[in-house]
Amino acid sequence: MVLSQRQRDELNRAIADYLRSNGYEEAYSVFKKEAELDVNEELDKKYAGLLEKKWTSVIRLQKKVMELESKLNEAKEEFTSGGPLGQKRDPKEWIPRPPEKYALSGHRSPVTRVIFHPVFSVMVSASEDATIKVWDYETGDFERTLKGHTDSVQDISFDHTGKLLASCSADMTIKLWDFQGFECIRTMHGHDHNVSSVAIMPNGDHIVSASRDKTIKMWEVQTGYCVKTFTGHREWVRMVRPNQDGTLIASCSNDQTVRVWVVATKECKAELREHEHVVECISWAPESSYSTISEATGSETKKSGKPGPFLLSGSRDKTIKMWDISTGMCLMTLVGHDNWVRGVLFHSGGKFILSCADDKTLRVWDFKNKRCMKTLNAHEHFVTSLDFHKTAPYVVTGSVDQTVKVWECR
């Protein structure tokens, strides 16, 4: 690299200043003579400490360059994988991106369930500390605590209007809350053990619950009476979820099976057995996902012309399975989590599956290609629950680390 005469002169004066100010008198006088520097007080002041300044700023710049290079590489990666910088992606393909928008603390024990409100910009979390907390997911503000259960709250569910919230607990009860006045309006007794799951039926008239007593019960919202009991599981029933029109309910259990029941007749329509450990979670496929599922699995459209219904299940065997309920067949198995799978659901766009697990991650799966396309190290401890907002670009997760995290999708 060639320096101009002026640059060379400046460098020489800076070196001379460095030698003199650090007491290298002999070297200074020899250097001054050889570099033919005339002594000029004014000029010398200008170059005082210049060499050290240049030296440290070069190191600072190097660090900055390295930071920018790594950011550029990240952006390139996002671009090639169709990230936010690529062609403007369809909201149907938005996925959660790190870091989280908010990490919300307040619970004093592990968080067991997180759900979004169907109408307002709030979400609700349940915890082993026996409370339910309400948060604003847009601002990250804590709003209130609902108290009433005397043991771990295991699951929560809104009706479609968001005016009613159901909760269930290890205290063996199910509670119904008026979500406008935040009062408990009804408590239902009837299970003989920990109630692990609850869901309000799509019509809003009934609630279903699942328990460690091996049964599933259906309750009337108006009266709080138990109107049906579904029996068949041989162990603890972990989760129960109705399909979109409320004609079927799916359940999963420690007996390693997933069952699908016809609500009207209480008959077990399907018993799905391929998991090799406790099945922790289930989720129905929305109709928006049917075309991608059919493409991915080549599943034939039935004579009725309507595919499905399809169901997802997540297990302690670390896998996620997709089932065709009409045939009882397992259509695919997604492998990638390193620990128990605790939550699974379809992306509202219908092309992806989201899951969370005890390996502390939140994962996004491109199920058409049966691959995990994004892994987020979501929490410091097991991730117990997740929910995906139906219309706003947010995902929420809850964890044994006692926090609730809000993730923005783009």
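Residue positions begin at 1 at the first shown residue.
In case you wondered, yes, glycine gets a Cβ from its N, Cα and C as well.
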Range annotated as coiled coil - as stated in Swiss-Prot, picked from 56-82, 191-217, 272-298, 299-325: 56-82
DSSP-derived helix, strand and coil totals, residue by residue, for the repeat 'WD 4' (232-271): 0 helix, 21 strand, 19 coil
For the coiled coil (56-82), distant same-chain residues with Cβ under 8 A (at least six beyond the ends): 89, 93, 373
Other parts of the chain folded back onto the domain 'LisH' (7-39), taken as Cβ under 8 Å at six or more residues beyond its ends: 46-52, 54
